[in-house]
């Protein structure tokens with residue numbers, strides 16, 4: 001490493017002045033919090049110090065006599081010692097003897113480059129680097145800070161691994177063992193000292209007691225995970241599978257990131273307890289518990305299983321069951337259509353979209369729609385509130401929706417225009433732009449490899465269609481308002497998911513009406529249409545916030561390891577339900593400016609609903625949305641606490657999108673900081 005500040009490209013941590021951005025570290029995202037201690041008898045002012053402040057460093061300037069206690073207390077990433085201090089080498093040696101500063105970077109800061117004699121003297125005090133007070137280059141200390149932050153995370157990770165019940169073995173690309181935990185020692189009988197540094201051994205891993213043949217385990221006892229890394233070398237982790245059919249269940253892995261304050265459905269608690277019990281028993285008992293978990297995890301928990309009466313005298317009963325109970329679930333797509341989104345759309349970013357004619361402004365506003373920070377509100381402005389039809393066609397072309405539906409693109413374009421026309425432009429929030437926003441998020445989620453691996457092609461298209469129509473003809477008032485005012489829709493749908501039923505029913509009415517020339521399903525077979533319709537209907541109904549925890553529990557109970565063919569389609573539907581739900585409530589995970597604008601829009605709708613409820617003497621659905629008393633930031637943190645945080649904790653972990661949680665946390669803190677100063681006067685003109 002060069003003597004003075006390294007020359008080269010600035011670290012990415014400098015890309016956002018005043019706040020270090022998260023550092024991707026393998027599968028994690030680490031929030032840097034760099035701290036520096038400046039030891040000087042002066043004021044500590046200089047260009048280099050100002051650059052550190054600008055980069056978000058926490059700086060403490062202290063005289064020499066406070067150096068040792070502050071090093072212990074602050075444990076800084078960087079210690080800058082003024083070269084003008086007397087007896088500097090003695091002080092440096094004393095600081096190096098402090099037990100908790102072994103990962104602290106000690107640097108001498110001076111007004112001019114040091115002489116060779118001075119450098120040799122400092123080297124005896126273990127100070128090898130010199131920085132100038134007037135230097136503008138902070139890249140060296142930024143890099144050291146990032147490496148130090150990563151190193152400080154590692155002991156906690158290894159402490160957790162050592163307490164894990166599952167055996168873990170880490171190897172490098174030369175197949176040399178780097179680490180094993182205590183559980184590995186217990187299950188293999190091999191001590192760490194005997195294994196670490198040795199070549200990996202299948203014999204050693206297979207020395208575990210084998211399951212009985214009647215357990216019929218279809219997978220390997222060990223799962224191999226390739227560690228994501230930016231380095232040139234690779235690492236692999238072997239994890240001993242759990243005794244319960246070798247399955248790694250999602251709700252087990254998610255418990256570590258959930259808040260204890262989160263609400264968990266009783267069925268989820270029961271399944272969690274059974275899984276814990278299964279891990280403590282073996283043989284026939286474990287198999288019985290496994291079977292119980294499988295039954296309780298069923299997508300149709302309260303429907304009988306009539307597989308045993310399909311033959312003989314019971315065939316009539318089975319036909320009654322299919323005709324009267326399982327209506328709408330009888331049709332299945334042909335086998336060749338059950339491809340994953342990955343297989344179906346490997347070349348989805350083809351040349352389809354270039355044929356469409358749009359203005360230069362619209363074309364520019366449509367750029368980067370595949371990114372999470374896409375600005376849908378800018379598209380709303382330049383298209384004069386036609387964001388859904390413009391963005392919808394681009395996304396549908398990318399995902400080859402016309403090919404899957406076997407319809408012409410002009411029919412698909414007319415269908416989108418028809419759908420857009422039936423959104424209420426006068427709604428502050430529930431309008432066509434919100435539908436376009438949810439559609440963009442749905443497309444983004446489908447584009448994530450982990451998600452695409454679990455979604456079959458027809459469900460992927462159904463999710464895009466569901467996103468486009470999920471709030472069709474929304475009146476700007478909620479279900480409770482419609483029920484309390486005895487609206488015809490509430491009577492029609494018996495107060496059950498009133499709006500959600502209306503949105504999807506109207507969508508199909510508009511699509512299938514005679515002489516409309518917008519029937520995008522016209523070329524599908526009866527079975528294909530029934531399958532597509534059932535999927536779209538279920539995904540739209542899943543957006544009913546009243547059923548939020550039901551769908552979240554189903555998602556958490558889903559087993560994604562060694563999935564049988566008959567289970568794969570069910571998993572695909574569960575994933576898509578969760579995907580559209582998260583897309584629908586994703587505004588708190590957008591950048592702060594976008595998050596704030598959407599929040600003010602929904603709050604404005606709720607204000608108007610509360611006003612009308614008060615005028616008509618109706619029960620107040622959400623009385624805290626009273627313009628005369630509401631604290632908007634409190635409503636937003638409350639919504640995150642109740643619905644968004646747990647849903648996105650689960651979804652982000654599944655989809656490998658940790659940055660969404662980071663954005664959510666940042667926005668949450670913004671709202672918290674706004675709460676003390678918010679007054680009812682702020683509730684006037686939120687949309688101006």
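Cβ atoms are placed via backbone N, Cα and C, with glycine included.
Taken from TrEMBL, the feature domain 'PAS' applies to 160-199. The domain 'PDEase' annotation in TrEMBL covers 354-678. The AMP binding site annotation in TrEMBL covers 430, 431, 432, 433, 434, 471, 584, 636. The annotation active site, proton donor is assigned in TrEMBL to 430. Residues or ranges marked as Zn(2+) 1 binding site in TrEMBL: 434, 470, 471, 584. Annotation source TrEMBL lists Zn(2+) 2 binding site at 471.
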433, 584, 636 filtered to the binding-site residues whose C-alpha is within 10 Å of residue 470 (Zn(2+) 1 binding site): 584
Check: same-chain CB within 8 A of Zn(2+) 1 site center, minus 434, 470, 471, 584: 430, 435, 438, 467, 474, 543
Per-state residue totals over the domain 'PAS' (160-199) - DSSP helix, strand, coil: 15 helix, 11 strand, 14 coil
Residue 432 (AMP binding site), number of other Cβ atoms within 10 Å: 27
Spatial neighbours, same chain, of residue 430 (AMP binding site) - Cβ under 8 Å, 6+ residues apart: 423, 424, 471, 474, 476, 605
Residue 434 (AMP binding site): tally of other CB atoms within 10 A of its CB: 25
Averaged pLDDT, computed only over the residues in the domain 'PAS' (160-199): 82
Neighbour tally for residue 470 (Zn(2+) 1 binding site), based on other Cβ positions within 10 Å of its Cβ: 29
